[in-house]
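Over in TrEMBL, the protein carries these features:
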BINDING   Arg54, Thr55, Arg104, His134, Gln137, Gly277, Pro278  carbamoyl phosphate binding site
BINDING   Lys82, Arg177, Arg232  L-aspartate binding site
DOMAIN    2-146  domain 'Aspartate/ornithine carbamoyltransferase carbamoyl-P binding'
DOMAIN    164-315  domain 'Aspartate/ornithine carbamoyltransferase Asp/Orn-binding'
Amino acid sequence: MKHLLSTQDLSLGDAISILDTAEEMAAVGEREVKKLPALRGRTVVNLFFEDSTRTRISFEAAAKRLSADVINFAAKGSSVSKGESLKDTAQTLSAMGADAVVIRHWASGAPHRLASTDWIDAAVINAGDGTHEHPTQALLDAFTMRRHWTQLAGIESQGADLTGMRVAIAGDVLHSRVARSNVWLLRTLGADVTLVAPPTLLPIGVEQWPCKVSYDLDETIATGVDAVMMLRVQGERMNDSFFPSTREYSRRWGFDDSRLRSLDTLGMKDTIIMHPGPMNRGLEISAAAADSPRSTVLAQVRNGVSVRMAALYLLLSGDTREPAATPGAGVAAAPSTKESI
Ligand code: NCD
């Protein structure tokens, strides 16, 4: 496969191969010289039609660590404000020789459109499309969970999946591309997923998703969870009132201080608290929870660079005009798995 558009397309083998390659990339990040020559001479364009801090910076850092040339394109301040279409923008980038386009767009399906037309010949990576998917976020979340899960089991993370891990994803599921991508990927990796949200913040048809659904966060925690992923309340996508008040929301669906304490009382000493960021502190997550030793928020950001390096490497190396340099023993084998990503 040439593009990374959705976690629904990933087989177990694909997912493990990306996570294992990301482990190799993380090892490079520990070295004194953190840069690899693997994508020298290749051009990665970050095409962002929607605001982003960590995802854009993370892709930029990943591409630079692989020695690619990076062009950052933000729709604000560009000809898109003058009404230029996605097609014209894409063709302009193509004419400039882009090898990969990392696209974030407010419209669900925009990356698929880019990948399925002949507007551009580059590899397309979906960096978040509307309320649809955000595959690299789910992969970095899975990477973070896998490190934790294998550490608890005292085994190597390379090659492991998440069989048996209980994950609760709580909050604004309706508007969350992170939740959608996570549900598909976690199911593939063998985890047991429960979505927790007020009924107004669950999408129609959620009962067909491969997960459980609950309206009660305390009940879900009490049944036992190994990771709780809190989702941001996406005010910018809300054109209606989805809950009575922010106070009511944080009391019922936020990971507040009393729920943080309940993990201790219930004897769940190894349960981690995740959030993709940006966080609304005091709304879906309390400051104490976000900053507690259980929180993986910063580890997720760190792991994001390794996972995006892996995605760029696997998509861009191997088919090249120039052979890709091999960053480490494990990655040396990676190009052979590339076709299947
Ligand atoms: C997420 C996104 O943009 O979908 N954030 C991110 O990529 N770090 C989640 C969010 O905005 O709440």
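Backbone N, Cα and C define each Cβ position, glycine as well.
Caution: TrEMBL annotation is automatic and unverified by curators.
Annotated features taken from TrEMBL, shown on the structure.
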residue	record	contacts (Cβ under 8 Å, 6+ apart)
Arg54	carbamoyl phosphate binding site	Gly277, Pro278, Val301, Gly304
Thr55	carbamoyl phosphate binding site	Arg104, Ala127, Gly128, Thr136, Gln137, Gly304
His134	carbamoyl phosphate binding site	Asn126, Ala127, Gly128, Arg177, Val178, Arg180, Ser181, Pro276
Arg232	L-aspartate binding site	Gly171, Asp172, Ser176, His275, Pro276, Gly277, Pro278, Met279, Asn280, Glu284
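For the binding-site residues listed here (Gly277, Pro278), the lowest count of other CB atoms within 10 A around the CB belongs to Pro278. Considering other CB atoms within 10 Å as the measure, the emptiest surroundings among the binding-site residues Arg104, Arg177 are those of Arg177. There are 27 other CB atoms within 10 A of the CB of Gln137 (carbamoyl phosphate binding site), with all protein chains counted. Annotated carbamoyl phosphate site Arg54, Thr55, Arg104, His134, Gln137, Gly277, Pro278; additional same-chain residues within 8 Å of its Cβ mean position, judged by their own Cβ, are Ser52, Thr53, Ser58, Ala127, Gly128, Val178, Pro276. Sorting each residue of the domain 'Aspartate/ornithine carbamoyltransferase carbamoyl-P binding' (2-146) by its DSSP state yields 64 helix, 27 strand, 54 coil. Largest Cα-Cα distance over the residues recorded as binding carbamoyl phosphate, namely Arg54, Thr55, Arg104, His134, Gln137, Gly277, Pro278, equals 16 Å. DSSP assigns Arg177 (L-aspartate binding site) to a helix. Across the domain 'Aspartate/ornithine carbamoyltransferase Asp/Orn-binding' (164-315), the model assigns an average pLDDT of 96.
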